[in-house]
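Enquirer: Dropping the structure in here first, questions after.
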Amino acid sequence: MSTHLLEQLIDAFRILPGVGQKTAQRMAYHMLEREREGGQRLADVLSRAIEKIGHCTECRDFSETKICAICANSSRDRHQLCVVESPPDRLAIEQATGYRGLYFILQGRLSPLDGIGPHELGLDHLGQRLAAGEVTELIIATNATVEGETTAHYLALLARQHGIRPSRLAQGLPLGGELEYLDRGTLSHAFGTRTEVV
C-alpha cells in the first residue's frame with residue numbers, strides 16, 4: 001500500500017499556522033478514520049473559497065464581490081478611514097467598537113528586511129483615496145510592534161501630505177500585542193481614546 005497520498009495530506013495540513021508535523025498527522029488520521037464526510041465538505045468549501053474569494057477593490061479586504069459589503073454600505077461614514085494590518089484586525093474592530101467609517105486593509109506591515117515596502121501594502125492606492133478629498137481623518141490601527149509602529153509613522157506622514165488628520169489607537173494596546181487577540185473591552189477603550197499622531 002502506498003502512503004504517498006497520506007504524506008501529501010499531512011504536508012497539506014502543515015501549511016496552516018501553528019500546525020506542526022504531529023498535529024498534521026493527527027488531523028489527517030482523524031479525518032480519514034472518523035470524518036470522511038466532513039473532510040469532503042472541507043475540501044469542497046476550500047476549493048470554492050480559493051476560486052471565488054478575492055479582494056475588495058476599495059479596501060483590500062477579502063470579498064466575493066468587486067466591492068465588499070462595508071465599502072458598498074452608503075450609511076458608513078466616508079470621512080473616516082481606519083487602516084489595519086489584516087482582515088482579522090478589521091473584524092476585531094467591527095465587533096468590538098461602534099466604528100461606522102470605512103477601512104483600508106494593508107495585508108501586512110512595512111518590513112524592509114522581509115522585502116515588504118509601501119508598494120506591497122497598496123499604499124499607492126491608499127494615497128489615491130486620500131487625494132480624492134473625501135477622507136478627513138485617517139485612523140491608524142496597526143499593531144503595537146516595531147513594524148506596526150514604523151508603518152503607523154509612514155501612514156501619518158502620508159495623511160499629512162494630503163492635509164488629513166492622522167490619529168492612532170491609544171491606551172490599552174500592549175507593546176508587542178496583536179489586535180486580533182485583544183478582548184473587546186480593551187479594544188473598544190483603545191479605539192475610543194485614540195490620539196492624534198504627532
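Heads up, the Cβ atoms here are built off N, Cα and C, so glycines get one too.
Copied straight from Swiss-Prot:
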DOMAIN    79-174  domain 'Toprim'
ZN_FING   56-71  zinc finger
Enquirer: State the residues, same chain only, that lie 6 or more residues beyond the ends of the zinc finger (56-71) and have a CB under 8 A from a CB inside it; answer 'none' if no residue qualifies.
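Expert: Cβ under 8 Å, 6 or more out: 87, 90, 94, 102-107, 122, 125, 129.
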Enquirer: Would you mind giving the whole-number mean pLDDT across the domain 'Toprim' (79-174)?
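Expert: For the domain 'Toprim' (79-174), the model's average pLDDT rounds to 92.
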